[in-house]
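Feature annotations, reproduced from TrEMBL:
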- A:P79: site 'Important for tRNA non-discrimination' (SITE)
- A:143-437: domain 'Aminoacyl-transfer RNA synthetases class-II family profile' (DOMAIN)
- A:E166, A:R224, A:T363, A:R367: L-aspartate binding site (BINDING)
- A:203-206: region 'Aspartate' (REGION)
- A:R224, A:A225, A:E226, A:R232, A:H233, A:L234, A:E360, A:G408, A:L409, A:E410, A:R411: ATP binding site (BINDING)
There are 2 protein chains.
Amino acid sequence: MQRILSTELARHTGETVTVAGWVHRRRLLKSVAFLIVRDAAGLTQVVVTEPELRARIETLGEESVVELTGTVTANPAAPAGVELTAPALLRVLNAVSVPLPFDLHRPALTAALPTQLDQAALSLRHPGRAGALRIAAAAAAGFRAALEQRRFVEIHTPKIVASTSESSVRSGVVAGRSDGESGANVFALDYFGRPAYLAQSPQFYKQLMVGVFERVYEVGPVFRAEPHDTARHLAQYTSLDAELGFIADHRDVMAVLTEVVAAMTATVAERTGAAVPKVPAEIPALHFAEALRIVGAPADEPDLAPAHERALGEWALREHGSEFVFVTGYPMRKRPFYTHPQPSDPVWSNSFDLLFRGLELVTGGQRLHRYADYEAALAARGEPTGAYRGYLDGFRYGMPPHGGFAIGLERFVARLTGAANVREVTAFPRDRHRVTP
Amino acid sequence: MQRILSTELARHTGETVTVAGWVHRRRLLKSVAFLIVRDAAGLTQVVVTEPELRARIETLGEESVVELTGTVTANPAAPAGVELTAPALLRVLNAVSVPLPFDLHRPALTAALPTQLDQAALSLRHPGRAGALRIAAAAAAGFRAALEQRRFVEIHTPKIVASTSESSVRSGVVAGRSDGESGANVFALDYFGRPAYLAQSPQFYKQLMVGVFERVYEVGPVFRAEPHDTARHLAQYTSLDAELGFIADHRDVMAVLTEVVAAMTATVAERTGAAVPKVPAEIPALHFAEALRIVGAPADEPDLAPAHERALGEWALREHGSEFVFVTGYPMRKRPFYTHPQPSDPVWSNSFDLLFRGLELVTGGQRLHRYADYEAALAARGEPTGAYRGYLDGFRYGMPPHGGFAIGLERFVARLTGAANVREVTAFPRDRHRVTP
């Protein structure tokens, strides 16, 4: 008999069906036993009164994998309005005899986070932890769908690069940022006896591919040897990157990003039912100088402190009813060398951050597109062009005005779900203290 | 005026439109000049007779980025049946003054492959090279769509692992293979002062995630420190991985794979117009022992040589009209320790290869799902379980019967397009001699 999922039971009321899944919980009362079977879709309550079956169930530890057949019976008190009665245990697909290190059937996992992460293969089965990963999958699907509809082409770029400069191309973005990020943190690798490095971002490659497809995106891992052990840093995370050519300036990038974030939240809501914020058709945008005035910071502040970002989040909600706000024009000296300056006043840049609930969610902007401008920008920062040779060469051959953005998937999910630690929404996180499982 | 793409021109015949793109070619005849402008969608022929504009075009090198306005005029001799006449050069978005190292306008690139790869940002603009990457994007989209429809959940797994055993979990698959692959080739990494390794496959993690979602997939980079410099090995490639639980045996995996490959080829055909092979609803399948008889190899051969695979490809085409053929039951001693044996005769395995045009395209099979079976399998191979601790622990807590497969994206595209070298269909390939650009 074809197995059906827990969520399909109600459609089969009165019929005999087969279900399969994990023993989520056993409640052994005096006259009746309830067996809760978990599958990928949800829970099935099985009512056991027959003594021989009850005796077998008593020996089956939680997380044993079973296949049962029974009659679907309406019961308004059961989790899904139906339960399985008169069951027969068809097969024990895998018996678990060891005790679990923590319970999976409680509303939230009670084990400390390090224990959850040590036992990730088990803790991720908790509906809360699994739900966060489903939200991540939906968010990535929404990201891709929105970009494919706008003729972006998916690319796959190298994660191993020849120089730390190329790996840490984003260093200018983050060096000296008030949130403690630093871009020099590159993992070194033995590459056939030579040194090489893990890429901190696909920045170089997505820009070069604008010369091929005009519009490109990538969903892939990026690597940061973060020395900090914080609730929001990972040594590997999933970066949702996009880059587009033939733009007027950064505002064209912000318009695409707004549509992409709206598609991501809509897909999350549609697929998972999670509560998501409203994304305005036009997200309020403030110039950096104006943002400083609003938060009461000195006009010569080079960056926004976390308290400033929180204040701007409150301002956007109060003044515009928006949980999102763009800050544009960040000072050039705080942005990477490839950033396009603001033509009217090159102290500022054609870059932006998108804040969500008072925290930076996305960084992006317009990039330089002329080879000579790259040479000048590196020279002004006292950086030799040699280390960027493989990158810069591509700009000799005609690149259109372009820009892009990058969204950290795990941070996005953590903020959407309110998780206090990004590790709670990452399957197998990597940090300076953790490289297993 | 809103820019339109080259492929939209015919719909605007008689109108004045704006196009933008790269100077693909200039043909400077005596009384007229033809400017071919390339955008992401295709080519536009621009007819220049006005002397001043012609003089400007003569100074613009190939690959300069331009924006033009003109009248769309029907001309059956023009590439798309229309051309742009009475043009005005609105803007030079980026002027190229250096000569190109090779021509992009010829039907095929004449530069040697190493030159193409050194100048990837330029060579990938050639419609042939770009077309292969569009095929890759379409194949990955078809892979995802087919699996999402079948309730597979996308996962993102660690690319940095703690031990070479975990990285080279596939070593059993490939050790001693006649094609010269070897699984011990792992990249070592400095992980915050400790050794760690780049993952050769998401094998561990996708199996563990079957315990969470029943069905999972991942599209991501895998890393092999291949010592061989061949036409089909890369140090990084894109692996299309899937794994599913609650299967009867490997035939359930083969059925899903058949549907997935059909979706991949259909999406490639639909999006790119490329010629694709027909995927039979049921791909012919041969047991390994039968395959040896058909190719006339001794019954004790442990593996199929490339000549055998070619002969089986010819057999499948001749006998079944299929360009695909499954070989099942490979000897256990040639498969990795996690492979499920064939219950009727454990000399053989519940594994398979999918051959496409006489070459292995996909490897997969049923895996062990009981903790005790893993312990026994490692003991029988003389391997200590300690190195696999993070992997094996997950199997203590109830894993359903499961299996899966992995498709190498670049190899798939190379075989589909007939490319002689997998580097021709990879944007920025990595191999033992190449780590730039």
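Just so you know, glycine gets a Cβ as well, placed from its N, Cα and C.
Remark: A:L409 (ATP binding site) has A:A136, A:A139, A:A140, A:V219, A:Y237, A:T238, A:S239, A:L240 as non-local neighbours, by Cβ distance under 8 Å and separation of at least 6 in sequence.
Between the CA atoms of A:H233 (ATP binding site) and A:P79 (site 'Important for tRNA non-discrimination') there is a gap of 38 Å, rounded to the nearest whole number. Taking the C-alpha atom of A:P79 (site 'Important for tRNA non-discrimination') as reference, the shortest distance to any of the binding-site residues A:R224, A:E226, A:E360, A:R411 belongs to A:R411.
Highest local Cβ density among the binding-site residues A:R224, A:R411 belongs to A:R224, counted as other Cβ atoms within 10 Å over all protein chains shown. If you look at the region 'Aspartate' (A:203-206), the same-chain residues 6 or more away from its ends with a CB under 8 A from one of its CBs are 155, 157-158, 161, 166, 169-170, 216-218, 241-243, 338, 390-391, 404, 406. Remark: of the binding-site residues A:H233, A:R367, the most isolated position is A:H233 (fewest other Cβ atoms within 10 Å of its Cβ). Cβ packing within 10 Å was compared across the binding-site residues A:E226, A:E360, and the lowest neighbour count falls to A:E360.
With DSSP classes pooled into helix, strand and coil, the tally for the region 'Aspartate' (A:203-206) is 4 helix, 0 strand, 0 coil. Binding residues for ATP (A:R224, A:A225, A:E226, A:R232, A:H233, A:L234, A:E360, A:G408, A:L409, A:E410, A:R411) extend across at most 20 Å, taking the greatest CA-CA distance. Taking only the Cα positions, the spacing between A:T363 (L-aspartate binding site) and A:E226 (ATP binding site) is 18 angstrom.
In terms of local Cβ density within 10 Å, A:T363 ranks first among the recorded positions A:P79, A:T363. For A:R367 (L-aspartate binding site), the nearest of the binding-site residues by C-alpha distance turns out to be A:E360; the candidates were A:E226, A:E360, A:R411. A mean pLDDT of 96 is what the model gives for the region 'Aspartate' (A:203-206).
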